[in-house]
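Quick look at what TrEMBL annotates:
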DOMAIN    3-155  domain 'Glycerol-3-phosphate dehydrogenase NAD-dependent N-terminal'
BINDING   Gly7, Gly8, Gly9, Ser10, Trp11, Gly12, Ala135, Arg250  NAD(+) binding site
BINDING   Ser10, Trp11, Arg31, Tyr48, Lys103, Ala135, Arg250, Val274, Glu276  NADPH binding site
BINDING   Lys103, Arg250, Asn251  substrate binding site
BINDING   Lys103, Gly131, Ser133, Lys186, Asp239, Ser249, Arg250, Asn251  sn-glycerol 3-phosphate binding site
DOMAIN    175-315  domain 'Glycerol-3-phosphate dehydrogenase NAD-dependent C-terminal'
ACT_SITE  Lys186  active site, proton acceptor
Amino acid sequence: MNIGVLGGGSWGTAIARLLSKKGHDVNFYVRNKEIVDEINIKGENSKYLPGVRLENIKATSDLFEAVKNSEVLVLGVPTNSIRSVLEEIKDYVKDQIIVNLAKGIEVDTLKRVSEISEEILPNNSFVSLSGPSHAEEVGKDIPTLVVVSSKDSNSAKKIQHTFSGEDFRVYTNHDLIGVEIGGALKNIIALAAGMSDGLGYGDNTKAALMTRGIYEMSKLGKALGADPYTFNGLAGIGDLIVTCTSMHSRNRRAGILMGEGLTSDEAAIKIGQVVEGVKTTKSAFELSNKYNVSMPITHKLYEVIYEGLDPRKAVSDLMKREYKEEMEEIFLENTKI
Ligand SMILES: NC(=O)C1=CN([C@@H]2O[C@H](COP(=O)(O)OP(=O)(O)OC[C@H]3O[C@@H](n4cnc5c(N)ncnc54)[C@H](O)[C@@H]3O)[C@@H](O)[C@H]2O)C=CC1
Ligand SMILES: O=C(CO)COP(=O)(O)O
């Protein structure tokens, strides 16, 4: 199959390699010309995925070239660049299936990536790929399980078969909202878990953040129309575990730096790659207000990032909240768990 992969960061590169190893013809759009040359001449993207050999991938800085003959188009750019990339390609796109890799909620519109795609490319099927999958490990063929979701189950199944391989097992899930919201919100909790590590707190604190974190992710998901059970799966708890515990995680590492005293901007510069959780914290904060969902961790993180609250004070504020029942009645209503 002829596949265009758009976005030459770590995840786009790992996925371009995975698809080319499966025998697909990969046209890889990378904005930076020096990286294009390095991939084509030396078979490496040393800035974003050092030490990983890239073979049979045609990198190009010509967006049209990557789009024109493709049957599937993979979006590997960060969430807040998706709109501008889709606007740029919309006149050349035919009937390709769009596969999104980004995990976030657009900050200006509070839209999920599927909603942005539907707005700009209403006639193209859209599939979201999510789950615990660091590029650094997929680039080394370490066994990984992910999930794909779409409103069109045939497209989801097609992408499941297109991407699955010996070391990369793809499930389908019918709950597109849950899959997208899980992937986006886990980055917020990973920032908080990293911050807890940076402050010198322990495993108890991190386990608490992860457990209460998945609860608030599920609550917002439910309010937005997701099946809360999806948050028990790969796109929910699975991705939350890997992002809160792995040193590959950009969000966790940024959180550690913030716990050590850096601002979110300083931390993001030091990481040198997209830290999606920073903007998603703002999106989720606004969604939780709009839908009247209590999300205390997200709200405290919002205050740390956008209002300069001291992270140690944020933890102490969370500890001093009124005593309550673990699960709210309203959440348990019509919930399968
Ligand atoms: N890195 C990982 O292990 C994983 C990342 N993701 C998600 O994938 C998305 C991309 O993440 P990474 O690859 O880690 O980011 P990254 O920071 O490594 O790379 C982002 C790439 O997008 C390019 N880009 C940004 N705006 C662009 C535009 N308008 N036009 C063309 N290129 C543009 C940048 O130049 C850069 O090459 C994020 O939403 C992230 O949450 C999901 C799963 C795993
Ligand atoms: O989504 C990811 C792993 O599943 C990547 O998370 P980070 O962006 O925090 O590295």
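Including glycine, each Cβ sits where the backbone N, Cα and C put it.
Remember, TrEMBL labels are computer predictions, not curated facts.
Projection of TrEMBL feature records onto the structure.
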residue : record                               : Cβ contacts under 8 Å, 6 or more apart
Gly7    : NAD(+) binding site                  : Tyr29, Val30, Leu75, Gly76, Val77, Pro78, Ser81, Val85, Leu101
Gly9    : NAD(+) binding site                  : Tyr48, Gly76, Val77, Pro78, Gln273, Val274
Trp11   : NAD(+) binding site                  : Gly76, Leu101, Ala135
Arg31   : NADPH binding site                   : Gly8, Ser61
Gly131  : sn-glycerol 3-phosphate binding site : Thr144, Leu145, Val146, Val147, Gly183, Leu234, Ala235, Gly238, Asp239
Lys186  : sn-glycerol 3-phosphate binding site : Lys103, Gly213, Met217, Gly236, Asp239, Leu240, Thr243, Cys244
Ser249  : sn-glycerol 3-phosphate binding site : His134, Ala190, Gly194, Val242, Thr243
Glu276  : NADPH binding site                   : Pro78, Thr79, Ala102, Lys103, Gly104, Ala184, Asn187, Arg250, Asn251
CB contacts for Asp239 (sn-glycerol 3-phosphate binding site) [other CB atoms within 10 A, all chains]: 28
Spatial separation of Ser133 (sn-glycerol 3-phosphate binding site) from Ser10 (NAD(+) binding site) - C-alpha basis, Å: 11
Those binding-site residues listed as Lys103, Arg250, and which of them has the most Cβ atoms within 10 Å of its own Cβ: Lys103
Integer Cα-Cα distance in angstrom, Gly12 (NAD(+) binding site) to Ser133 (sn-glycerol 3-phosphate binding site): 12
Cβ contacts of Ser133 (sn-glycerol 3-phosphate binding site) (under 8 Å, same chain, 6 or more positions away): Thr144, Val146, Asp239, Val242
The one of Ser10, Asn251 whose CB sees the fewest other CB atoms within 10 Å, among these binding-site residues: Ser10
Candidates near ligand 2 among the binding-site residues Gly8, Lys103, Ser133, Arg250, judged by a Cβ under 6 angstroms: Lys103, Ser133, Arg250
Non-site residues, in chain order, whose CB comes within 8 A of the mean position of the CB atoms of Lys103, Arg250, Asn251 at substrate: Asn187, Ala190, Thr243, Ser249, Val274, Val275, Glu276, Gly277
Other CB atoms within 10 A, centred on Gly8 (NAD(+) binding site): 25
CB contacts for Gly12 (NAD(+) binding site) [other CB atoms within 10 A, all chains]: 25
